[in-house]
Amino acid sequence: MWLLLQLVWLCFLLSLGLNSWHQSKVPEYPDELRCGLRSFQFTINPLSQETETPPVLVAWDNHGLPHSLQNDSDCGTWVSEGPGSSLVGEASYSGCYVTEWESYYIMTVGIERAGVSGSGAFIETKLFKCPVNLPDVPNAGLCDSVPVWDRLPCAPSPITQGDCKQLGCCYNSEEVISCYYGNTVTSHCTQDGHFSIAVSRNVTSPPLLLNSVHLAFRNDSECKPVMATHTFVLFRFPFTTCGTTKQITGKQAVYENELVAARDVRTWSRGSITRDSTFRLQVSCSYSASSSALPVNVQVLTLPPPLPETQPGNLTLELKIAKDKRYRSYYTASDYPVVKLLRDPIYVEVSIHQRTDPSLELRLDQCWATPGADALLQPQWPLLVNGCPYTGDNYQTKLIPVWEASDLPFPSHYQRFSISTFSFVDSVAKRALKGPVYLHCSASVCQPAGTPSCVTLCPARRRRSSDIHFQNNTASISSKGPLILLQAIQDSSEKLHKYSRSPVDSQALWVAGLSGILIVGALFMSYLAIRKWR
């Protein structure tokens, strides 16, 4: 019997060692992404220089199912070993694992790495995102030809290579100024309605006279360069100044301006000459005429009298998704789409925007999810019904109290809840629908805050009604972007194409089988010994 106990204990220890592969914490690691003209080009580095095993890559298709990422010309993927146990990969924008969302190509990659000194394995999902219309990124010659002492910062550090390239600038992670302008003309339009134009003196041959470069229609003090060096001149000005013209073409609002450079002309009694290049640059920015990011002409006048304590006005709401249950940080518009595994928690916050009346209390009426940005799109799934969790869900929505002791200025202006992520299912084919999931809520404001009439009571059991009815005097709000929900590798119930099961799983099965044989054998030997003794 003592031998039997030893065998059982040995199997238990082996199982703990194998299970630690699933429980390790994911560390930080440096990786690189380059947005090519036709494909993602990325490098996945090992966790440590001491690690000799390269990471293992997994990609998810449009149905949320995982596949081993390997060389596959049909799916447009190529993977090879790089220096120092790293992996170099490429994925075509038109391949099996890339989705076009708004103005970006997106791809989710799962990375399994071996820990330092064989301490276990780590898995993390990584979202690759590249713009559909890439800006004109300067080539290596235009970047390397700028001396270090003449480099003009394009964006403050730290900045990723992808973000720097989106600005059309040069990138070198080993320099103090990692993102800088190349020897060309670099222009971009900001979301707050400004032109940003950098001109290199070497954009023409012979070089420009930088001190003569100016806006063609206005040369006021506010229209002069904001920065000038021996090699570069930088202009930054609003669309509403410096002679900028505006035209509405269809659904597009186009803002245009022009830069010119004077020439040094030498004159004598019999003629004039110049050795300078002709330079005339027209820049334009296009915005959707219906976009909320469209710049507006704002005039600053004398301050109006203070607003009364209570006044009628439009109800403006904001729906945000927090990065963790503490609600310390939130996903911004640039973070979408947010990638989550099925059943992962999503922490939602709805708040009253731009109101300072402490007597207001926000009440959530209905909250629901759709597979598209349209709040009325079908199918739908209820999250909150009349302010209470929908009881027809086996993973019910959880209401999260906003305490008075929180650091929020007006706690009654906030409502929070969490949901477990899910995927919509085709009611006919009984298969998970591909595509994103959007969240929506309708809400109203109650006064005075804290009174019984402003409190929503949720009984233990409610009628399973999933109909969404909008009440009068309510406002609706939607998430800033979609959620992409993936099927977990370990939970996949379907046979995965091109994906082999983890060697750890096969080892676990082998240990379990061997344990069973040893236990049965030990019991049988004990039985024979007892029978012989009798």
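Cβ atoms here come from the backbone N, Cα and C positions, even for glycine.
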### Query
Looking only at Cys441, Cys446, which is named in Swiss-Prot as the disulfide mate of Cys367?
Cys441
### Query
Any idea which of the glycosylation sites Asn71, Asn314 has the thinnest Cβ neighbourhood at 10 Å?
Asn314
### Nonlocal residues around Asn202 (N-linked glycosylation site), in sequence order (Cβ under 8 Å, 6 or more apart)
Ser145, Asn183, Thr231
### Task
Quick one: pull the CA-CA distance for Asn71 (N-linked glycosylation site) versus Asn219 (N-linked glycosylation site), whole Å only.
57
